[in-house]
Amino acid sequence: MAITSLDPGPGAAALQAWGGQMAAFGSNETVVDKVLPDMLHLIDPHWHQFPPMNPLWHGLLGFVIGVLGFISVTGNGMVVYIFTTTKSLKTPSNILVVNLAFSDFLMMFMMAPPMVINCYNETWVFGPLACQLYACAGSLYGCVSIWTMTMIAFDRYNVIVKGIAAKPMTINGALLRVFFIWAFSLAWTVAPLFGWGRYVPEGNMTACGTDYFDQSVSNMTYILLYSIACYYAPLFLIIYSYFFIIQAVAAHEKAMREQAKKMNVASLRSSDSANTSAECKLAKVALMTISLWFMAWTPYLVINYAGIFKTMTISPIVTIWGSVFAKANAVYNPIVYGISHPKYRAALYARFPGLSCQSAPEDTGSVASAATATEEKPSA
C-alpha cells in the first residue's frame with residue numbers, strides 16, 4: 001500500500017525544531033556565535049571553548065533581573081521620596097541614607113532594562129560603547145554604595161564611641177562627604193575608558209564588566225588597585241569602626257548593669273540612654289546592610305581574581321551568578337535600611353498606608369546622629 005502523505009504534523013515539527021536547538025549544545029557551536037560582529041574584538045579567546053548556553057538560562061536570568069529591577073527601583077525610589085519630603089527625616093545622617101538609596105536606584109534603573117533585552121536576544125545588542133558605559137555604571141554605583149556605607153559607619157563611630165565629645169556632623173559636612181564619594185568612585189571607574197584596565201562582555205554575553213583575562217600589566221594593576229580602593233579599604237575601615245562601636249556598647253551596658261545593681265533598681269534607662277539605644281539599633285541595621293554588600297560583591301571579586309591569577313576555569317554560567325549577586329545588592333537596602341527605620345515607617349504609613357509595615361504610626365525617638373538630636377533640642 002502506497003504512503004500518500006509524509007507530513008509529520010505540527011507536533012513532530014516542534015519536536016524536530018527543539019531537537020535541532022538542543023543538538024547545538026553537543027556540536028561545534030560556541031557561546032560566541034551569536035555575538036554581533038562589532039563586538040567580536042572585545043571577546044576573549046577563553047570563551048570560544050564553551051558551547052552555547054541553554055536558552056532557559058537566558059530566560060531565567062532575564063526574569064530574575066527584571067524582578068530585582070522592579071523591586072529595587074520601587075523600593076529605593078520610595079526611600080528617596082520619603083526621606084527627602086519628610087521634615088523629621090531631613091538630617092545630616094539621613095543624607096547618607098538617601099545617597100545610598102539613590103545609588104542603588106540608579107544601578108537597577110539604568111542596568112536592569114538593557115540586561116533583560118540582552119537576555120531575550122541571548123547576546124549584547126547595544127554595541128561596544130554601550131558595553132563600556134554599562135560596565136562603568138555598574139562599577140560606579142557599587143563603589144558609591146560601599147563608600148556611603150563606610151561614611152555611615154564613621155558617623156555611628158562618631159556618635160556611639162566618642163559620645164558627647166564628638167563633633168556633630170552638619171548638613172554641609174554630609175553633602176561634602178557625598179561629593180567626595182561620587183568623585184572618588186568616578187575617578188576609579190572611568191579609568192578603563194581611558195586605557196587603564198578594560199571593560200568587555202561577560203561570559204554569558206548579556207552583560208559587561210572588567211576584563212579579568214587580560215594579563216597585561218596595565219589591566220592587572222587596575223583590577224588589583226581597584227579592588228583595594230573599593231573593596232578592601234572600605235572593608236577594613238568598616239571593621240575598624242564597628243569593632244570600637246561594639247566595644248563601646250558592651251562597656252556602656254556593663255556599666256549600666258553594675259550601677260543598677262548597686263542602686264537596687266531594675267534599670268537606669270533615661271531619655272539619654274534611650275537615644276543611645278536608638279543609635280545602637282541603627283548601627284545594627286547598618287552592619288547588616290554592609291554585610292549584605294560584601295556577600296553580594298565577593299563572588300564578583302572572586303571571579304576577577306580567578307581570571308587574572310588563573311586559579312579556576314570560569315564558565316559562562318559562573319558569570320551569571322556574579323551578575324545576579326552584585327545586582328541583588330540594590331534590593332537589600334530599601335528593605336533592611338528603610339523599613340528598619342522607625343520614622344521612615346511612620347512616614348510611609350502616613351503617605352502610603354497600604355505599603356506600610358505597621359498598623360499605626362509610632363511615636364519613636366530619632367535614630368539620626370547625636371548631632372541631629374542636639375539640633376532638635378531648644379537651646380538653654
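Glycine residues also receive a Cβ, built from the backbone N, Cα and C atoms like all the rest.
Annotated features, as they stand in TrEMBL:
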{"type": "TRANSMEM", "residues": "60-83", "note": "transmembrane segment"}
{"type": "DOMAIN", "residues": "75-337", "note": "domain 'G-protein coupled receptors family 1 profile'"}
{"type": "TRANSMEM", "residues": "95-112", "note": "transmembrane segment"}
{"type": "TRANSMEM", "residues": "132-154", "note": "transmembrane segment"}
{"type": "TRANSMEM", "residues": "174-196", "note": "transmembrane segment"}
{"type": "TRANSMEM", "residues": "223-251", "note": "transmembrane segment"}
{"type": "TRANSMEM", "residues": "285-307", "note": "transmembrane segment"}
{"type": "REGION", "residues": "359-380", "note": "region 'Disordered'"}
{"type": "COMPBIAS", "residues": "359-372", "note": "compositional bias 'Polar residues'"}
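Most Cβ pairs under 8 Å with the transmembrane segment (60-83) belong to 95-112, among the candidate stretches 95-112, 132-154, 174-196, 223-251, 285-307. Non-local neighbours of the transmembrane segment (285-307) in the same chain are 100, 142, 145-146, 149, 152-153, 156, 209-210, 212-213, 223, 227, 231, 235, 238, 242, 314, 318-319, 321-322, 325-326, 328-329, 332-333, 336-337, 340-341; each lies 6+ residues outside the stretch with a CB under 8 Å from one of its CB atoms. By the Cβ criterion (distance under 8 Å, sequence gap of 6 or more), the transmembrane segment (95-112) is counted as touching the transmembrane segment (174-196), at least 3 such pairs being found.
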